[in-house]
């Protein structure tokens, strides 16, 4: 059963960061527009490199199982924060769905922070007791 669990965690680690890696890449390639949008929403533009680091870098870290527990905690917190900053105006149609999506994603990352990266991960290779 342990092997099935490890494969399941690996599949989750592959699926969960897809949104973050693609969103981070979009922010890299559309830096100026993203910075303007953030500032229009009241978030200082100087925060964008940190957002990119968390989305793109954190997404890759989760994908490969590197610093998984810590990255998953930061990503869960970031996702909750973005839910409240960018999706809490439920009068705008899709925001309630986006808000709930972010809550769900945060739950997945919290679960990953608790369970760890599984056997098929860089963390496992670096430290046998993940």
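Yeah, the Cβs are placed from backbone N, Cα and C, and that goes for glycine too.
Marked as topological domain 'Cytoplasmic' by Swiss-Prot: 1-5 (among others). Here the topological domain 'Cytoplasmic' (1-5) returns a mean pLDDT of 85 for the predicted model.
The topological domain 'Periplasmic' feature in Swiss-Prot is assigned to 27-45 (among others). DSSP states for the topological domain 'Periplasmic' (27-45), grouped as helix (H, G, I), strand (E, B) and coil, give 14 helix, 0 strand, 5 coil.
Sequence annotations record features per position, and here Swiss-Prot assigns topological domain 'Cytoplasmic' to 67-70 (among others) based on sequence analysis. Per-class residue totals from DSSP over the topological domain 'Cytoplasmic' (67-70), listed helix then strand then coil: 3 helix, 0 strand, 1 coil.
If you look at the topological domain 'Periplasmic' (92-101), the same-chain residues 6 or more away from its ends with a CB under 8 A from one of its CBs are 83, 86. Annotation comment: Swiss-Prot describes 92-101 (among others) as topological domain 'Periplasmic', evidence class sequence analysis.
Annotation source Swiss-Prot lists topological domain 'Cytoplasmic' at 123-130 (among others), citing sequence analysis.
Sequence-distant contacts of the transmembrane segment (6-26) (same chain, six or more residues past either end, CB-CB distance under 8 Å): 34, 51-52, 54-60, 62-63, 65, 68, 75, 105, 108-109, 112, 115-121. Swiss-Prot lists 6-26 (among others) with the feature transmembrane segment, giving sequence analysis as the kind of evidence.
Per Swiss-Prot, transmembrane segment is recorded for 46-66 (among others), and the stated evidence type is sequence analysis. Within the chain carrying the transmembrane segment (46-66), a Cβ under 8 angstroms from the stretch's Cβ atoms is held by residues 10, 13-14, 16-21, 23-25, 27-28, 31, 34-35, 38, 72, 74-75, 78, 109, 112, 117-118, 120-124, all 6 or more beyond its ends.
Per Swiss-Prot, transmembrane segment is recorded for 71-91 (among others), and the stated evidence type is sequence analysis.
Residues annotated as transmembrane segment in Swiss-Prot: 102-122 (among others).
Residue counts for the topological domain 'Periplasmic' (92-101) under DSSP, split into helix (H, G, I), strand (E, B) and coil, are 7 helix, 0 strand, 3 coil.
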